[in-house]
Amino acid sequence: MAAVTVSVAGRKAPPQPGPVPEAAQPYLFAPRASSVGGPGAAPQVEWTARRLVWVPSELHGFEAAALRDEGEEEAEVELAESGRRLRLPRDQIQRMNPPKFSKAEDMAELTCLNEASVLHNLRERYYSGLIYTYSGLFCVVINPYKQLPIYTEAIVEMYRGKKRHEVPPHVYAVTEGAYRSMLQDREDQSILCTGESGAGKTENTKKVIQYLAHVASSPKGRKEPGVPGELERQLLQANPVLEAFGNAKTVKNDNSSRFGKFIRINFDVAGYIVGANIETYLLEKSRAIRQAKDECSFHIFYQLLGGAGEQLKGQCCRIPVSCIPLTPAARPGSSALASLPTPGLPLAPGVLGLHSSFASAPAASGVPVVLVPVASRHLAPRSPASLHLLWPPVPA
């Protein structure tokens, strides 16, 4: 969740964006040639003649069918794929939109606004690589579970200063709209990221912050043009620390946030970022000492142990690291999750802003000492007196 506050207009016009990178185009713009109703669907003329509708499907939720006969309470339809005929109650049949609405960017513009049409439009766009779709004032995002080339500096410049209807759906467009409304109306704006676990709330919140850090970066703090200043850099670097101590790998999500956060970004009268504060709440504290079957503890434990060299592990841990029951594999009666810890998980020295040499020789690294005491019960509940994990270790 993010909110932007305090501002006033009076900034110079942003630079004109360059051409859209070719690698990003398939993930932003819908192909011109498109179909309705899946493979083999009819064009506009055939759609009108066959009177295509949506009917319930156990496998797909809904599937296309041609309306053959209508009664007062029931109707006869012919399934588009199999040709099988069915008689269904009329209230189970939903109208289908004309082909011109295929892959619509804003579902509020659909002629037939029903559940089947909404799900079909989202599915068509998702299978075409388009993860962002508007629904009126809302922006619907479907997690692609892969990295897409639509978050680069060139894409940020593409959305900078543009109105929502001038560019394809994107979280940047939502952020730009909130930012411009703040500048013009001099009123606080809020952006709410909501959804189930794994929907992409954390990642899209980071994209909101990334966009604001780029377009609202004060020129006074910049060392180079286009590079965020020190304050903006600190704002971006706060996320890895929050994720380390508040996120965990679950059965459904490799980077599940186990807490809520409210981020408030403050701006000066010219619209530049001058500060920020983050409020956290509802942290799942019990996960530190107790996890459900096939669940993991918070990232920071794996980052601490993974980032330490053998010498540091020996100083920190009074028992072998392999005996610490952090992972499902170390707990009796649990099946191990694949690839633990999560591949690509940053190690603790990097997360906490320490030099990489700190992991092997903390005393000689010359960096500020960061103490992260971890209660022994968190790591070795069966032998609380046998383990003392400190960062950095206490001298012998």
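Including glycine, each Cβ sits where the backbone N, Cα and C put it.
Residue ranges 1-24, 49-72, 97-120 are listed, and TrEMBL annotates 1-24 among them as region 'Disordered'. Within the group of binding-site residues (G195, G198, G200), the Cβ with the highest number of other Cβ atoms inside 10 Å belongs to G200.
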